[in-house]
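Chemist: Annotations per TrEMBL:
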BINDING   Asn13, Gln46, Asn66, Gly76, Asn77, Asn159, Asn192, Glu210, Arg211, Gly220, Ser221  substrate binding site
ACT_SITE  Cys75  active site
ACT_SITE  Cys75  active site, proton donor
ACT_SITE  Cys219  active site, proton acceptor
SITE      Phe270  site 'Important for dimerization'
Amino acid sequence: MPVKFTKMHGAGNDFVMIDTISQRIKLRPRDIRKIADRRRGIGCDQVLLVEPPGQANADFRYRIFNADGSEAGQCGNGARCFARFVRHRRLTHLQTMVVEAGNSLMTLTMRDNHEVEVDMGPPRFAPKDIPLHREHEALEYDLVAAGEQLRIGALSMGNPHAILRVDAIDDGSLERLGEAIRSHEDFPEGNNAGFLEIVDRRNVRLRVFERGVGETEACGSGACAAVVYGQRMGWLDDRVTVELTGGKLDIYWQGDNNSVLMTGPTAISFEGTIRL
Ligand SMILES: N[C@H](CCC[C@H](N)C(=O)O)C(=O)O
């Protein structure tokens, strides 16, 4: 079955975008893994599907699959590429669109130079919403991983995040602790493990060992989660530039139940057809 796709990335976090509105296809987890395979397929961190909306107040539905075939409830870099993709493929002319992802609604707004602003919705902190096996919500949690006693932030942006503050993002913490945190038994659905270096109150560096992939060059929801954690700990202001391996994202959060706003780049790499 030939499937048309567009290869894109947002700050180096790369995606295969597939329009399943004009192509009536059903993809199984093994199809996702083949597409994502960097030797036997196209190669990407996530496969993103464009579907018709399930709700009256949405323009599209957006499904996210990690390279290992697992489905995720949120992908910030992917949301930006999604907005550019549906306009590139003439599925819409909207400058601002509402998109369902998992059980949340996001508003995507086109900005200059192919940048996109994403209203990621509010962060969720209750352990049951992360999910995290803890009795009570807290700013930080004790966690033993790889034999080390850690203090981490944990929250959901529609997908689970664990954040560890480090002195320097290249101090070896991600290599030593990434897998142990990401797959920790206290997170029943796993998590995206962020390693956060505070440069000053408006600038941070971040690396993320993602659920279902491993380290990516950027993680949009991870950047949002790291800034939210840093703000709640009193380390950061409301607008922060997050420097990731693949580029920079602008994150803005005014606290409480306000939405986290993320603005960043999108890029189209190539288009093609793959036979599954
Ligand atoms: N690995 C993530 C999904 C992709 C998130 C990331 N690529 C982003 O930009 O937010 C998860 O399983 O929750």
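Cβ atoms here come from the backbone N, Cα and C positions, even for glycine.
Set these features in their place in the structure for me.
Modeler: The Cβ neighbour count for Asn66 (substrate binding site), using a 10 Å radius over every protein chain in view, is 23.
Listed in sequence order, Gln46, Leu48, Ile64, Ala101, Asn159, Gly220, Ser221 are the same-chain residues six or more apart from Cys75 (active site) with CB atoms under 8 A from its CB. Secondary structure from DSSP puts Cys75 (active site) in coil.
Sequence-distant contacts of Cys219 (active site, proton acceptor), defined as residues of its own chain at least six apart whose C-beta falls under 8 angstroms from its C-beta, comprise Asn13, Gly76, Asn77, Asn192, Gly194, Leu206, Val208, Glu210, Leu244.
Of all Cβ atoms in the protein chains displayed, 9 besides its own lie within 10 Å of the Cβ of Phe270 (site 'Important for dimerization'). The secondary structure of Phe270 (site 'Important for dimerization'), as reduced to three states from DSSP, is extended strand.
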Chemist: Given the binding-site residues Asn13, Asn192, Ser221, which one's Cβ is surrounded by the fewest other Cβ atoms within 10 Å?
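Modeler: Lowest Cβ count within 10 Å among the binding-site residues (Asn13, Asn192, Ser221) is Asn192.
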Chemist: Quick one, of the binding-site residues Asn77, Arg211, which Cβ has the fewest other Cβ within 10 Å?
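Modeler: Across Asn77, Arg211, these binding-site residues, the one with fewest Cβ atoms within 10 Å is Arg211.
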Chemist: Taking DSSP three-state, what's Ser221 (substrate binding site) in: helix, strand or coil?
Modeler: helix
Chemist: Per DSSP, Arg211 (substrate binding site) is which: helix, strand or coil?
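Modeler: It is coil.
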